[in-house]
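Asker: I'd like to ask you about the structure that follows.
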Amino acid sequence: MSSSKSPYELKDLKNSSTEIHATEQDNEIEYFETGSNDRPSSQPHLGYEQHNTSAVRRFFDSFKRADQGPQDEVEATQMNDLTSAISPSSRRAQELEKNESSDNIGANTGHKSDSLKKTIQPRHVLMIALGTGIGTGLLVGNGTALVHAGPAGLLIGYAIMGSILYCIIQACGEMALVYSNLTGGYNAYPSFLVDDGFGFAVAWVYCLQWLCVCPLELVTASMTIKYWTTSVNPDVFVIIFYVLVITINIFGARGYAEAEFFFNCCKILMMTGFFILGIIIDVGGAGNDGFIGGKYWHDPGAFNGKHAIDRFKGVVATLVTAAFAFGGSEFIAITTAEQSNPRKAIPGAAKQMIYRILFLFLATIILLGFLVPYNSDQLLGSTGGGTKASPYVIAVASHGVRVVPHFINAVILLSVLSMANSSFYSSARLFLTLSEQGYAPKVFSYIDRAGRPLIAMGVSALFAVIAFCAASPKEEQVFTWLLAISGLSQLFTWTAICLSHLRFRRAMKVQGRSLGELGFKSQTGVWGSAYACIMMILILIAQFWVAIAPIGEGKLDAQAFFENYLAMPILIALYVGYKVWHKDWKLFIRADKIDLDSHRQIFDEELIKQEDEEYRERLRNGPYWKRVVAFWC
């Protein structure tokens, strides 16, 4: 449809006459330069000038810096003015979209990296919350934990850590929504809620954790392949997986989210299938061993260790493995800057975490204890000469079930790649956060036009080269070191999240602020955060004891200490170094001095109540199945 109305005559930046037409069909603005030889006869330009740039050129241009220059800002401002001149309601529509959408009710008083693209949808967030973390720790590392603790010790360790995790995710969900405009999420909370030095140390240790996880997962992937073949050099597979992870992340947040959606769907389906098959095998419905029941809880036993002290050490050692296995659950906070609707996505993901803890972790761990004896020589960490494999594969293969173990191993491989993908994505965003906080060189804050922190991604890719040790005879030792750094660092990070939440709530109370300003309130509140914080401090103390006096040994072992507790000296060195450099010796920021406005999204309590009431009304008037889904999800 052509525009027959008389055009408005305005001047553009080039001082040339510009015609602007308002079409009736779609109310879009069409404009082009008058007198230009490039003016099309049938289709107007949607912009000052539309270049027929090739796909290759657009791809390379996407790596250029996303920051707007002064001229670009002027042009963008004038474009908005031109839009308002034609349709005065369009500016109002933009304001409504920006300020009154369901995920942005209230005042945006913070700062974020606007160049990061909001391409992560609620469905992505749900699957990231449910499936991320189902990787090396749960699917492979549990073999070592089962050897050290036995089936009962393994279950106790995961149950304790699961109760802690639920409190952590509730606190994390509350602050992630309030600080949804803060790039890096909880990695930045301690700096302005607790103390700068503490925030600096935790931020760098957490970044180091995910830098270690990527090569750890790639090494694990090569170990998983050994179930099928040992004749091919493991580094060949490392190269393939390394290139795959980098390729996925080249597509930015959308590539990461879509890949995780696929990976996590496969993982959850596999865990569901294993749960069903495991029950069938245990009662004698499949396999060659008939009814198994709880036989392995009696022979070789529920706990590993002749003495009570060794059994206790086994449970403590399991806690670190469990922390690593649960690691990544907090990714819902890292991705808030790239979520399209965090107010809907984050509370739902935090609520559904209980299903992940109970079903994906505790239920399957109970089955592992029923199906795999802790003295199996195929478990990682055992002294036997058997080919090492995931305990989930052993649980099926050792009882004579064929074919299925290959499918399980294939999904485990996907799970490991999923964690490698998540760790690569996270470490790059964490470098970006460190740079924006002034904790790392500014070069890491480079974001290209596609929303990728390009320089930070390069550092993550460089660090992942450690994975090429897979062909080394010290492969399992490298695995142990990387796992220890990652697991203990996770405890530091979770402690920082809970401590930040306690300080945040304390500041809200001291400064007389209403909790109605929060878009989502933790179901466990300050008591849940206090419980989690105290428990993690006790776990760190117990782990220190296990590190200097390993299981089964009465003497001190320096090598074992650094293998299990290396992250602690790093944290202390970073904290003390920051304090000495800045000559700042305060332990906490006073509650009345905490800045509760900067970075924070202040929600309108009345609008939130109105929106929630409208949602409940829709549920009451809707079909019954929607009410059921809303209750559980």
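Just so you know, glycine gets a Cβ as well, placed from its N, Cα and C.
Bear in mind that the values here come from a model prediction, so they are computed numbers and not experimental data.
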Asker: From Swiss-Prot's topology annotation, check whether F291 and S54 share a side of the membrane.
Answerer: no
Asker: Quick check: do the transmembrane segment (478-498) and the transmembrane segment (532-552) share at least 3 Cβ pairs under 8 Å, counting only pairs 6+ apart in sequence?
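Answerer: Between the transmembrane segment (478-498) and the transmembrane segment (532-552), contact is present.
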Asker: Sort out for me which stretch, of 198-218, 232-252, 261-281, has the most Cβ pairs below 8 angstroms to the transmembrane segment (353-373).
Answerer: 261-281
Asker: Can you count helix, strand and coil residues in the topological domain 'Extracellular' (282-313) using DSSP?
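Answerer: Taking the topological domain 'Extracellular' (282-313) as a whole: 10 helix, 0 strand, 22 coil.
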Asker: With pairs restricted to those 6 or more apart in sequence, evaluate whether the transmembrane segment (314-334) and the transmembrane segment (232-252) have 3+ C-beta pairs under 8 Å.
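Answerer: As far as Cβ distances go (cut-off 8 Å, pairs 6 or more apart), the transmembrane segment (314-334) and the transmembrane segment (232-252) do not touch.
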Asker: Mind checking which residues of the chain, 6+ beyond the ends of the topological domain 'Extracellular' (219-231), have their Cβ under 8 Å from one of its Cβ atoms?
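Answerer: Contacts of the topological domain 'Extracellular' (219-231) (Cβ under 8 Å, skipping residues fewer than 6 from its ends): 135-136, 140, 237-238, 241, 387-390, 393, 405-406, 409, 412-413, 416-417, 420, 467, 469-470, 475, 478-479, 482.
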Asker: Under 8 angstroms, Cβ to Cβ: which one of 198-218, 232-252, 261-281, 393-413, 453-473 has the largest number of such pairs with the transmembrane segment (558-578)?
Answerer: 198-218
Asker: Between the transmembrane segment (232-252) and the transmembrane segment (393-413), are there at least three Cβ pairs closer than 8 Å, leaving out pairs fewer than 6 positions apart?
Answerer: no
Asker: Are the transmembrane segment (198-218) and the transmembrane segment (393-413) close enough to be called in contact, which here means at least 3 C-beta pairs under 8 A that are separated by 6 or more residues?
Answerer: no
Asker: Take the topological domain 'Cytoplasmic' (499-531) and count its residues per DSSP category (helix H/G/I, strand E/B, coil), listing them in that order.
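Answerer: Computed counts for the topological domain 'Cytoplasmic' (499-531) are 22 helix, 0 strand, 11 coil.
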